[in-house]
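Trainee: Here you go, one structure.
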């Protein structure tokens, strides 16, 4: 699930993804790609 948060590295996606109720995500194409909680 993509989140429109600009990122350079995956660490920048930690808080935005958690705030969205998901797990830590990866940085893909300059935006955070969050992993849904399973």
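The chain as shown is numbered from 1 upward.
Placement of Cβ uses the backbone N, Cα and C atoms for every residue, glycine included.
Sequence annotations record features per position, and here Swiss-Prot assigns disulfide bond to 7-27, 13-32, 17-34 based on similarity to another entry.
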Trainee: What kind of secondary structure is residue 7 (disulfide bond) part of, going by DSSP in three states?
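Mentor: Looking at the DSSP assignment, residue 7 (disulfide bond) belongs to neither helix nor strand, so coil.
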Trainee: Three-state secondary structure of residue 32 (disulfide bond) from DSSP?
Mentor: strand
Trainee: Cβ distance under 8 Å to residue 7 (disulfide bond), same chain, sequence separation 6 or more: which residues?
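Mentor: Non-local contacts for residue 7 (disulfide bond): 13, 27, 30, 31, 32.
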Trainee: Can you check what DSSP calls residue 27 (disulfide bond), collapsed to helix, strand or coil?
Mentor: strand
Trainee: Within 10 Å of the Cβ of residue 32 (disulfide bond), how many other Cβ atoms can be counted across all chains shown?
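Mentor: The answer is 25.
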Trainee: So if I draw a 10 Å sphere around the Cβ of residue 13 (disulfide bond), how many other Cβ atoms end up inside it?
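Mentor: Summing over all protein chains shown, residue 13 (disulfide bond) has 25 other Cβ atoms within 10 Å.
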